[in-house]
Every structure is written in C-alpha cells, then in structure tokens.
Amino acid sequence: MPRHAVSPGQGHPRSGREPESDRSRGSPRLRLLWIGLALALPHALVLWAPAGAHPLPPQSHPARFGRLVPQLRNAFGWWNLTCPVCKGLFTAIDFGLKKEPSVAWVGSMATKICKVLKIAPPTVCQSAVQLFEGDMVEVWTRSVLRPSEACGLLLGSTCGHWDIFSSWNISLPAVPKPSPQPPKPPAPGAPVSRILFLTDLHWDHDYLEGTDPNCENPLCCRRDSGLPPASRPGAGYWGEYSKCDLPLRTLESLLSGLGPAGPFDMVYWTGDIPAHNVWHQSRQDQLRALTTVTALVKKFLGPVPVYPAVGNHETTPVNGFPPPFIEGNFSSSWLYEAMAKAWESWLPAEALHTLRIGGFYALSPRPGLRLISLNMNFCSRENFWLLINSTDPAGQLQWLVGELQAAEDRGDKVHIIGHIPPGHCLKSWSWNYYRIVARYENTLAGQFFGHTHMDEFEVFYDEETLSRPLSVAFLAPSATTYIGLNPGYRVYEIDGNYPGSSHVVLDHETYILNLTQANEPGAVPRWQRLYRARETYGLPNALPAAWHDLVYRMRGDTQLFQTFWFLYHKGHPPSEPCGMPCRLTTLCAQLSARSDSPALCRHLVPDGSFPDDQSLQPRPPLC
C-alpha cells in the first residue's frame with residue numbers, strides 16, 4: 001500500500017500557465033469540470049490515509065459518488081441544469097480536457113481542494129496532484145465525461161445511464177461440475193512441503209534511524225520527517241511501531257535469518273515492494289525497488305524457485321493499472337517488461353508471455369500442481385483505470401476459467417496466488433471469482449493473498465445455501481511494520497510432492513521480529529516463530545470447515561478471540577480494546593470472501609441486530 005525530486009523529463013508535465021481567473025472559473029463549463037475533479041482526484045489523494053485500529057466498513061465507488069453528488073449539486077446551485085445543456089457541456093469538456101492548460105487547471109484546483117480539506121500536508125498535496133493529474137484526466141476523458149454517463153450521474157436516470165460498475169458475468173464451460181470431494185488426509189509419513197510466503201515488503205530507500213516516527217506526512221521515519229520532540233524517541237534501527245516502512249537492512253535480516261524456518265520447496269511472493277510514499281514516486285524509483293529487492297531475494301534464497309505476483313504499489317501513480325488496451329505512455333508495459341526481465345530465471349516462457357501482457361501467468365511447479373498468479377489490480381476498488389471499463393479487465397477471469405478447466409481435465413490441483421484478496425474487490429469481479437471457486441472446488445487446493453498487512457483469512461461457501469464451506473483464502477501478514485506492527489512472514493505446510501497428493505494446506509506458521517527487543521541497544525535481530533495455526537486455535541485440520549468453525553467459536557469465546565486479535569496484529573495489537581462491534585466486524589471479514597455480501601455474516605448475530613448500528617462488512621486494508 002521512495003523518490004527524490006523528479007527531473008523535468010520524468011513524471012507528468014507541469015504547465016507554467018497561471019490558473020484561470022475567478023471569472024472564468026465561474027462559467028458553467030468549468031463548474032462541470034470542478035464537479036468531475038471533486039469526484040475523481042480527491043478520491044485518489046486519500047488512499048494513503050492511515051487506517052484506524054479497528055475494522056471499518058469499506059465503501060464502493062457508487063456509494064461514495066452517491067453521497068457526494070447531492071452535496072455538489074447543492075454547493076454549486078445546479079438544480080436548474082437541464083439534460084441537453086449538461087450533455088452539450090460535457091461534450092465540450094471532452095474536447096477541452098485534451099489540452100495541456102486544462103490539465104494544469106485541474107491540477108491547480110485539485111491541489112486547492114486537497115489543502116482546504118486538509119487531506120494531506122500542503123507539500124504532499126502539491127506532489128501528489130502533480131503525479132496523479134495526467135493519469136486521472138486521461139481516465140476522466142475516457143470514461144466519466146462521456147455525456148450520457150456523466151449527466152446520468154448528475155441528473156438521474158432520465159438523462160443517461162451511469163453503468164461504469166454495472167454487473168457482468170464470465171462464462172463457465174458446459175462441462176457438469178463434479179460432485180464435491182473433500183480432500184483425504186495424507187497418509188502417515190507422506191511427504192510435506194514447506195512454502196515460504198512473502199508479502200508487502202515495502203522497502204523505504206529513505207528510512208533513517210532517529211527521525212520522527214509521528215511526522216505530519218502519511219509516511220514517516222524518513223529523511224524528510226525531521227527530528228522528534230526531545231520527549232519522544234526517534235525511529236528505531238530495525239523499524240518502528242508507527243506509520244513507517246522498512247530499511248533494507250531489515251529485509252536482509254529477514255532473508256538471511258530464514259534458516260530455522262526452512263528448508264523451503266518454493267516461495268510465493270505477492271508483491272508491494274516499494275514504500276508508502278505514494279505522493280512522490282517515479283517509474284525509476286519503482287524499478288529500483290523491483291530490481292534491488294529481487295536481487296536480495298535471489299541472493300539469500302539461491303536455487304529455491306520463487307513465484308511472484310503483482311502488488312498495487314508496484315506502479316506509479318499507486319493503484320494505476322490500465323487494462324492492456326491502453327497503449328502508449330499510459331500503459332503498464334514499462335513495469336511488466338521490467339518484471340519479466342527481473343524474474344526470467346524463475347518463470348518459463350509461457351508465464352513470461354502473459355506477464356508481459358497483463359501481469360498474470362500460470363505454470364506447473366511440480367507434477368500434478370498448477371500455480372496461477374493473478375493480477376488482482378484488475379479487481380481493485382482503487383484502480384481508477386477501471387472507470388473506463390471494469391468488465392473482466394484483460395480477460396483475466398475468463399483465462400482463469402480456462403486454466404482451471406484444463407487442470408480439472410488433467411486431474412491436477414491448483415494454487416492461486418495474488419495480492420489483493422477477493423473479498424476486497426469490486427463487487428462484480430468478486431462475485432464472479434466466488435462463482436469460479438465454487439465451480440472448481442475439487443481442483444482448487446489453495447489460495448494465498450496479502451495486502452491487508454494483517455494475519456487473517458476468507459472462507460468461501462457454496463452459492464446455493466452460503467452454508468457449506470468449500471474453500472479458504474489465506475491472507476498472510478506483511479513484512480512491513482506499516483502501521484504499528486512487527487515485521488513478519490508466513491510459512492505454509494502443504495501436502496507434499498508425490499503421486500495423488502492433494503496439495504492442500506496442512507498447517508501454517510507465522511514468524512516475526514519483535515521490534516521492542518531488536519531495537520534495544522546492543523541487541524541483534526532475532527526472528528522467532530509467533531505461532532502454529534492448528535496448535536494455537538485447536539484446529540482438527542486446516543480445511544475450510546475448520547476455519548468456519550473457528551470464527552463461530554471466537555464469537556462466543558472472548559479469550560480465543562483475544563488470542564486471534566493479538567496474532568492478527570503480529571503480536572503488537574493496538575492499545576484500544578476490541579469490543580463487541582469490533583469483534584463482530586472482524587469476524588465478518590473472515591467470512592467475507594465475496595464483497596458487498598452481508599448475507600455471509602447473517603448468522604454471526606442470530607437476531608439480526610448489530611451493536612452500535614454498525615453493519616457487518618469487512619474493513620479496508622491498511623495499505
């Protein structure tokens with residue numbers, strides 16, 4: 001969820017033209033542009049706002065827009081705007097926004113909004129808008145400013161149809177679904193494989209010991225964070241319990257200290273390599289992070305095969321992943337090509353081919369197992385490029401169906417890795433993915449994600465009754481400390497490499513670096529196992545039903561939930577207690593592998609009520 005000053009040849013061009021006069025700003029055409037600006041750019045500017053200690057319900061794009069539009073109408077006195085005039089003005093804006101002075105004006109207004117609303121410190125506002133404005137205006141001109149859609153949003157369905165996030169469905173093969181066949185326990189003494197899982201490393205090139213960990217910027221412990229007051233300590237040598245990312249030495253310590261947790265048969269690495277200074281990043285910075293950390297992984301893991309996935313922080317501006325039909329300077333080809341070059345020793349030619357096209361791939365790491373790495377940015381609520389067209393971007397889900405059907409036909413099992421978990425995706429993408437998982441439940445042996453920085457999971461159910469657990473997605477904790485966490489990583493034990501293996505997860509372990517101990521004078525970092533899942537939670541196995549049962553046991557067992565809450569935060573929970581509303585919302589998140597689906601949590605509160613009028617919806621991630 002680091003960069004020095006951008007040279008004139010980098011980033012987006014800045015116009016030297018002064019903002020237009022107050023009189024010109026008052027014109028109907030520019031008032032419309034102001035509305036578009038208020039809907040689009042500020043949303044991008046709050047993506048790094050630190051999350052609170054407790055889970056909160058996420059908000060979909062239509063819900064955000066729906067609440068904002070009446071306020072804008074009221075503020076700008078647009079109640080008398082007619083449909084023909086609206087469409088005529090938006091047609092003019094489509095043309096006008098293509099010109100550089102218009103982009104500069106949009107940026108100027110976005111900066112003022114950011115400062116007036118105190119979304120971020122002024123310097124952050126200025127840098128962020130300069131970074132985002134070109135992409136956001138390009139997206140706006142290709143999507144929202146289509147007259148029928150924009151006016152449908154502003155004036156209602158009688159003037160047009162706002163359907164940018166409308167429902168859609170992928171096609172499933174006509175092959176009948178086989179009867180559900182839960183995996184059989186492996187025979188005593190059967191081989192067991194260990195998979196190292198790394199996610200959300202977030203290396204901060206500008207991390208500096210002793211700087212202020214509570215600065216005004218969205219990311220601290222950096223060269224530009226200043227010094228803390230004399231009454232408070234500065235950033236620790238190995239990291240800090242604050243809104244800070246990691247120095248490279250901590251990642252080196254993690255990778256060099258893996259010995260007690262190994263040996264490993266392979267590594268799943270689900271992205272987010274750069275730091276959270278998302279307002280001040282260039283493509284050169286992102287590529288430096290990619291190549292530096294990839295080299296580090298290769299150095300310490302040697303011949304162990306590594307299979308990466310693309311995180312939302314790999315690009316700049318953050319979350320901006322255009323579908324493949326976007327070409328030229330706005331495309332993601334610069335990033336995918338660099339990834340293919342950096343990872344070519346790990347991936348076969350067939351995987352590198354689709355990686356270069358859309359950032360996803362499939363391969364066979366061992367006989368009987370197919371690994372699929374998804375680009376979950378094509379499901380992301382924060383990927384503003386999906387405003388253009390959110391229907392199965394890059395055809396990735398339809399491609400996934402083809403891979404799963406082929407695996408079913410061969411009798412193979414499948415692991416899926418990705419960054420953003422499916423329960424955090426746009427509704428139609430999430431519901432289609434849920435449907436795919438249900439169809440191929442016998443083939444799908446494991447799902448592995450990151451992104452939230454927390455230690456959690458998402459249970460999938462049959463679509464007919466939403467009561468039979470059929471799959472589970474494991475959400476592993478982050479390497480980074482952001483926000484207020486210990487550094488950590490995960491190891492999965494899976495049914496091993498032998499004929500007839502189920503390849504399912506048998507157990508998992510989480511390892512952390514206790515920063516309080518590591519940052520003591522003279523101390524050396526000691527990575528330690530925090531817990532084993534089955535032992536700690538009393539699970540009979542690691543199959544979906546066991547995780548379902550755990551959620552309902554935690555509902556009534558406060559001590560068990562407090563154990564989960566402690567481990568959820570990698571051994572460093574917030575000081576505020578997690579009361580019943582917080583507990584139920586957290587537990588609901590573990591049941592919510594399908595976004596915007598409150599029915600999944602209906603049994604958590606038997607009488608249908610919920611304390612303090614909060615809704616049973618999963619929380620947004622920290623990244």
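Think of each number as a place in line: the chain as shown, counted from 1.
Glycine is treated like the rest: Cβ placed from N, Cα and C.
Now, the feature entries from TrEMBL:
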type     : residues                       : note
BINDING  : Asp200, His202, Asp272, His453 : Zn(2+) 1 binding site
BINDING  : Asp272, Asn312, His419, His451 : Zn(2+) 2 binding site
COMPBIAS : 15-25                          : compositional bias 'Basic and acidic residues'
DISULFID : Cys83-Cys159                   : disulfide bond
DISULFID : Cys86-Cys151                   : disulfide bond
DISULFID : Cys114-Cys125                  : disulfide bond
DISULFID : Cys215-Cys220                  : disulfide bond
DISULFID : Cys221-Cys244                  : disulfide bond
DISULFID : Cys379-Cys425                  : disulfide bond
DISULFID : Cys578-Cys582                  : disulfide bond
DISULFID : Cys588-Cys601                  : disulfide bond
DOMAIN   : 79-163                         : domain 'Saposin B-type'
REGION   : 1-26                           : region 'Disordered'
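Structural mapping of features recorded in TrEMBL.
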{"residue": "Cys83", "record": "disulfide bond", "contacts (Cβ under 8 Å, 6+ apart)": "Cys151, Leu155, Thr158, Cys159, Gly160"}
{"residue": "Cys215", "record": "disulfide bond", "contacts (Cβ under 8 Å, 6+ apart)": "Arg222, Ser225, Gly226"}
{"residue": "Cys220", "record": "disulfide bond", "contacts (Cβ under 8 Å, 6+ apart)": "Thr211, Asp212, Pro213, Asn214, Ala235, Glu240, Ser242, Lys243, Cys244"}
Nearest recorded site to Asn312 (Zn(2+) 2 binding site) by CA-CA distance, among recorded positions Cys221, Asp272, Cys425, Cys578: Asp272
Tertiary neighbours of Cys221 (disulfide bond) (same chain, Cβ under 8 Å, six or more apart): Asp204, Tyr207, Leu208, Thr211, Asp212, Pro213, Ala235, Gly239, Glu240, Ser242, Cys244, Asp245
Asp200 (Zn(2+) 1 binding site), number of other Cβ atoms within 10 Å: 29
Integer Å distance between the CA atoms belonging to His453 (Zn(2+) 1 binding site) and Cys578 (disulfide bond): 18
Candidates Cys114, Cys159, Cys244: member of the disulfide-bonded residues with the richest Cβ shell (10 Å): Cys244
Distance from Cys125 (disulfide bond) back to Cys86 (disulfide bond), taken between C-alpha atoms, in Å: 30
Asp200 (Zn(2+) 1 binding site) versus recorded positions Cys114, Cys125, His451, Cys582, Cys588 - nearest by Cα: His451
Cα-nearest neighbour of His202 (Zn(2+) 1 binding site) within the listed disulfide-bonded residues, Cys125, Cys582, Cys588, Cys601: Cys125
